[in-house]
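Feature list (source: TrEMBL):
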type     : residues  : note
TRANSMEM : B:6-24    : transmembrane segment
DOMAIN   : B:7-79    : domain 'Glycine transporter'
TRANSMEM : B:31-52   : transmembrane segment
TRANSMEM : B:64-83   : transmembrane segment
TRANSMEM : B:90-110  : transmembrane segment
DOMAIN   : B:92-166  : domain 'Glycine transporter'
TRANSMEM : B:116-137 : transmembrane segment
TRANSMEM : B:149-168 : transmembrane segment
TRANSMEM : B:174-197 : transmembrane segment
């Protein structure tokens, strides 16, 4: 399980760094701004989780994550700058990153003895806070709050299913894969079929 | 005292969740966005206080706070959506929440051996950071910095009076009630009589 | 070294409080808003560093920093309000604050056993997060991400040079002065000669 968490965590960091760079690029930031926003997107969710749990922050404990985030950010910057890529292209890596981070975050919180509801929320925080930070730093309303196609809700459903499956005695690694598949599937189906949640004001 | 802190803390969480939902609603967020902004408003101030003091975060330590925040958020969402309520209606619960949170925060910081000036500021942080987070997440300039009718200043006056009364030997529970009454009264009087602080640029 | 860190830290807090007040003033905040934004600018970078390293937050541990930040903020408020000062006037104290904070932050992270790359980044965080907080609270895109004249990059170069010089056996105090001079010089030269980094989108 620890091994799975490690590699999945590294992959999620790289994927999120990629989405951070693409969004920062739209604001015409220079390379250092892009690196910092990409780094915050990639490492922000896990950092907030570790601070809330009073764990050693993962990228200070193991610099590999930091190197992965910085390398992906710089590589993406030089690979795609100047190109005008369609925004929809990035929905799939973004959904992968959401699934990976949420499951890793929930699992770590459970191992640190957080109660189940708090653990599921710490998973959601790990999954979405990077993107929230990215949007706040780019001075936008965080997409996760306004975008209507099940984002945080997909993550929360997955986190709760991970908690539930483990309670039912499903082996942790299998439960983790199921929860990741659930998040990814819910998010993609919601995009394809435009499934949305009710908004506050029905009429506008 | 611990008992008082517990119930006052729960009440403050519920009240702040309510104001968070009302503000998030204006941005036409969907239910998950409203729940997250409401939760951040309700739990943000105490979370930042606990992180700064290196305490276990209160809603991870005791999930009851989390349940109170989520339940209030969801109930408010379904109770008031579609209605157009006047903004002034919420100034009184907001003032109650400010008074409760500031006094709880200052008291906790004192018990964790923070020096007096830092403790009073940690009380103010507990009282106002939830609202600041709400405004940053909704992409507004935080109201607390621009609104002119004694808000953070009322909280600070109350926090300092709590510190002072305890130094003078007043029993802690009595001192807490006096400080809460002071914050509530100063805030309401400032609203009624439009008492403001000097701004940076006199002419505009 | 500890003595140097202490005084340099106090000076950096005062300098950053000054720049925070000047920026908050432009948003026509009242005195409490200005004090809070000034305080966040002055103390934010070091606070985030201490939280990430799981150290006791410096201004809770030693209230002197808090007093320095508040006193500078209030004094600046009354000294310069009403005046329209040219923005370029503050580039020099701002460069001094950047150099001081970055070196102090990197040094503290190294003493807390952070690995070298993480330590250099914690130095950059100490140097720039105060300004990022200031801009987020004032609802602007953080200047450090868009301003093109080597800001975070100057800080990072200095932080890496501090790490490198200490590895090479240079005495810590001398290494600290060299790194501060490097950051200050790079930043000022970049302003004078308009040295910029490549941005994401070449055409605009």
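The backbone N, Cα and C atoms fix where each Cβ goes, glycine too.
It should be emphasised that the depicted structure is a prediction, and the values quoted were computed from it without experimental measurement.
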>> Below 8 Å between Cβ atoms, which of the listed ranges B:6-24, B:31-52, B:90-110, B:116-137 makes the most pairs with the transmembrane segment (B:174-197)?
In response: B:90-110
> Taking the transmembrane segment (B:90-110) as the reference, which of B:6-24, B:116-137, B:149-168 gives the largest number of Cβ pairs under 8 angstroms?
Replying inline: B:116-137
> By a Cβ-Cβ criterion of under 8 Å, what residues six or more beyond either terminus of the transmembrane segment (B:6-24) are in contact with it?
Replying inline: 33-34, 37-43, 45-46, 58, 64-65, 68-69, 72-73, 76-77, 80, 85, 90, 93-94, 96-97, 100-101, 103-104, 130-131, 134-135, 137-138, 180
> Short question: which residues 6 or more past the ends of the transmembrane segment (B:31-52) have a Cβ under 8 Å from it?
Replying inline: 9, 13-14, 16-21, 23-25, 58-59, 65-66, 68-70, 72-74, 76-77, 101, 104-105, 108-109, 122, 125-134, 137-138
>> Over the span of the domain 'Glycine transporter' (B:7-79), how high is the average pLDDT in this prediction?
In response: 87
